[in-house]
Amino acid sequence: MSKTNQLFLLADHIKLSLLERHRSKSLDLDCYSQDQHLTRSLDQFRDGLEILQQDKIRSEESGDFSVAESVNKDLLVLQNRYDDLTSQFHGFSTPLSQIDSRIKDPQETTTPTATGSRKPKTVRFNDSASDQLFKPYQDDPSDDTANDDHISNQQLHDYQTQILDEQDEHLDQLGQSIGRQRELSMRIGDELDCHVAMLEGVEAATDRQQSRLDRASKTIGRVAKGARENKQMTAIVVLIIILVLLIAILK
């Protein structure tokens, strides 16, 4: 597997580790071991970018500009991913210019014109360091027995698949929970509709009762008015009768 592909795979692994770390934080779990793992993985990613930069310089010095351009494109993409992952983990990122400044010397910086006008010089690199860089992550590099614990690319892929399966399972559980909440919301909505219908019925009955009370009040008013009028007529009739009796008696 090429170094570029290994770095892309490492970036995916770091992304999954960041997601797992975020999930652990949301559950209030201890993230110290995950932070240590992510720190070492990001350092490994940064060192890989430096090695790719060295490969680009070596290709330029050897006159293979097509390879250098291809490496440069991959390097820009990987640097953007590194900046994004670093910002997610630390809250800041390391610009590509800082990596260039660590691995480039002003006297060694060449242009296509300069390299074309002189004989390409041979640069020897020690591949053992880069090979060691792109080996799978180990928790304790100082342990002599850690070499037996190196995970292969297939194991790393299985680990990522396991994390994705766990995330799918969590998403399924979340979907089921949302479904139950939706069903509960629909039931609550139906109950609210029933209560609204009951309130409307009570309001209609109250309106009818108020109408009856209004009619009864009007009837009572008419009866009271008629009683007052009849009382006056009765008093007049009684007075007339008394007057007639007095006249009859006095005669």
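Note: Cβ is positioned from N, Cα and C throughout, glycine not excepted.
Remember, predicted model here, so these are calculated numbers, not experimental data.
Features of the protein shown, as given by TrEMBL:
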- 161-223: domain 'T-SNARE coiled-coil homology' (DOMAIN)
- 97-150: region 'Disordered' (REGION)
- 233-250: transmembrane segment (TRANSMEM)
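Summed and averaged per residue, pLDDT over the domain 'T-SNARE coiled-coil homology' (161-223) gives 87. Secondary structure by DSSP for the domain 'T-SNARE coiled-coil homology' (161-223): 63 helix, 0 strand, 0 coil.
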